[in-house]
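Peer 1: Under the heading active site, proton acceptor, TrEMBL lists His344. The annotation Fe cation binding site is assigned in TrEMBL to His387, Glu393, His423. The homogentisate binding site annotation in TrEMBL covers Tyr402, His423. Residues annotated as domain 'Homogentisate 1,2-dioxygenase N-terminal' in TrEMBL: 57-331. Summarising the annotation, TrEMBL assigns domain 'Homogentisate 1,2-dioxygenase C-terminal' to 333-485. The transmembrane segment annotation in TrEMBL covers 21-39.
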Amino acid sequence: MEERTLNRKTNQSLFRFWRHPYSLSYLLLLFHAILPVNYQCVVIPSPISGLQMAQLKYLSGFGNEFSSEDPQYPGSLPQGQNNPQICPYGLYAEQLSGTAFTCPRSINQRSWLYRILPSVCHKPFQPINSGNLVGSWNEVHPNPNQLRWKPFPIPPIQNGPVDFIQGLATVCGAGDATVRNGCAIHTYCCNSSMDSRGFYNADGDFLIVPQQGELMITTEFGKMAVAPLEICVIQQGMRFSVSVTGESMGFILEVYGVHFALPDLGPIGANGLANPRDFLTPVACFEESPSNSTFTVLAKFHGRLFSAKQSTSPFNVVAWHGNYVPYKYPLQRFQVMNSVSFDHPDPSIFTVLSAKSAFPGTSIADFVIFPPRWAVAEHTFRPPYFHRNCMSEFMGLLSGKYDAKGAGFMPGASSLHTIMTPHGPDAESWSQGAHSQLKPEKVGDGAMAFMFESSLSLTATPWASNVSCRDLTYHKCWEDLTSHFQHRER
C-alpha cells in the first residue's frame, strides 16, 4: 500500500506559480485578514491515540456560512467571487449543492470547494457486492412484533480486516431513495481503517452514532474525531473515509431527500436542548497522493455500492466556504428539559436533530437521546409509559442502564417497535416505578440511550431478522405483568 502524504508540494507548475512570494495570493491574504469572520474556531483534543493528528480545530455553530483554508496555503480562498477565471494556487473551483438552486434562501445549502483536481477525475464506476446493505423493502416480509437485538458482533481482526463500509449492514427502513423520501437504519461493525478508500452516499445523509471505538473521519472539508457519546452528520454527496484504532461498532440513521435541522423550541424559548454553538465543523486540511498512487472511491447509489479508481485523493480540498458541511456534536452538551410538577413528558422533548417531512410537526426521522437527568415529578409513574405509537421507534443503548428495561438491554443492544406495536417498561421496571418512594433522583446516571423515531413504517431486513444476536425471548420481559384490577363490591 502506498503511503498518502499530507500537505506536500504539488508538481503542477501553476500550483508552484501561486506560491511565489510576489504572487497575487499574498495580496489576497492581506485583503482576507481585514475582513470580518462569522465563526468561532475552537481546538478540541483528539480522543484518537496513535493517529496522525493529536489536535483538531473546528468551527463552531449550526447552519452558519463558514469559510476555511489550509493555513499552509494562505490566500487559497478566493475573495469577492466564487468562481474566478483562475483560482489562487491554480486550484479548481467546484460547487457542492445540498438543495435545489431555487430553494428559499433560509433553507438553501451549498458549499464551494477549491481543490487540486475536481472530483470528476475518476475511472467509470462499476457495481460491487453490497453485502448486507439494503435499499429496497419490496421483497421484505413485514413483522409487527417487538424486535430486539443484543450487541451486533464485531468481526475479530484475526479473521481478516473489515473496514467501515465493508462492515455496514441495514437493520430496517422504509421509503425509496430514488424518489428522495424515506429513511434507513444501519449498523457498522469494523476492525480496520479505510486505507486509500473514500466513500460518498448519493442517496441521503448519514447520522453516525458510535457505541464502541473512536473514529477519525477524513472529509473533503477536513478531519473530525468522533468518540462514543458524540455523533456526526455526513451529508449527501460528501466524500469521507473512516480510520479506527481497533474494534468499532455503532449505528447510522440515513434520511433521503431532506437534511437534519434543529427542532423548533416553541414555548421553551430561545435556548435549550441542543444549542447551535456546540455543533462543530472541521477546518480545511487537504491531502494528495504520490503521482503513481491509486485511490478507490466507493459510492452508495439507489441502495447499492459502486467502486471507481482515481489517481488522486478525493480529500484534496485546500479551501472551502459555504453552509453545506459535515459536523459533529457532543451528546453530553444537551440541555435536558423535564417535568418539575407531574407526569412523564413525551420523548419529543429530548430531540437533538430532526429531518422534517412535508407535514407540519411530523418528521421523516428524529434523533432523540435520553441522557442523565433529574426526576422530581410528584405522584407520577416516572419510567417511560406504556405506548402504542403512530411512529416507528428504534432504540439503542450507548452506555449504562436504560430506566425502562432491565438486564436484557445492555450497552450496544437495540430494539425496534414499528408503527402501532405496543411497548413499554418490562415487568421489573414497572414494579420499581410503581412502588418506589418518590423523591428527587438522578435518572440514568452514567447512561445514554438514543432513539431514531420515524413517521414511516419501518421494516426489518432479512439479515436483521435472522442475525445470531437477535433476542428471540424479548416478548417474555412483559410476561410477568399481572392484573391489579380491583373489582367493585356489589
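In case you wondered, yes, glycine gets a Cβ from its N, Cα and C as well.
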Peer 1: Cβ atoms within 10 Å, counted per site: which of His344, His423 has the most, among these recorded positions?
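Peer 2: Going through His344, His423 one by one, the largest Cβ count within 10 Å is at His423.
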Peer 1: Given the recorded positions His344, His387, Glu393, His423, which lie close to Tyr402 (homogentisate binding site), meaning Cα to Cα within 10 A?
Peer 2: none
Peer 1: Along the domain 'Homogentisate 1,2-dioxygenase C-terminal' (333-485), what average pLDDT does this model show?
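Peer 2: That stretch averages a pLDDT of 92.
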Peer 1: Between Glu393 (Fe cation binding site) and His344 (active site, proton acceptor), how many Å separate their Cα atoms?
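Peer 2: With distance taken Cα to Cα, His344 (active site, proton acceptor) is 18 Å from Glu393 (Fe cation binding site).
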Peer 1: Can you tell which of the binding-site residues (His387, Glu393, Tyr402) has the fewest other C-beta atoms within 10 angstroms of its C-beta?
Peer 2: His387
Peer 1: What whole-number Å value do you get for the CA-CA distance of His387 (Fe cation binding site) and the residue listed as 'active site, proton acceptor'?
Peer 2: 12
Peer 1: What are the other residues, in sequence order, whose C-beta lies within 8 angstroms of the center of the C-beta atoms of His387, Glu393, His423 at the Fe cation site?
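Peer 2: Same chain, not in His387, Glu393, His423, Cβ within 8 Å: Pro384, Arg388, Asn389, His417, Thr421, Pro422, Gly424.
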Peer 1: To the nearest Å, how far is the Cα of the residue listed as 'active site, proton acceptor' from the Cα of His423 (Fe cation binding site)?
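Peer 2: Checking the Cα atoms of the residue listed as 'active site, proton acceptor' and His423 (Fe cation binding site) gives a distance of 16 Å.
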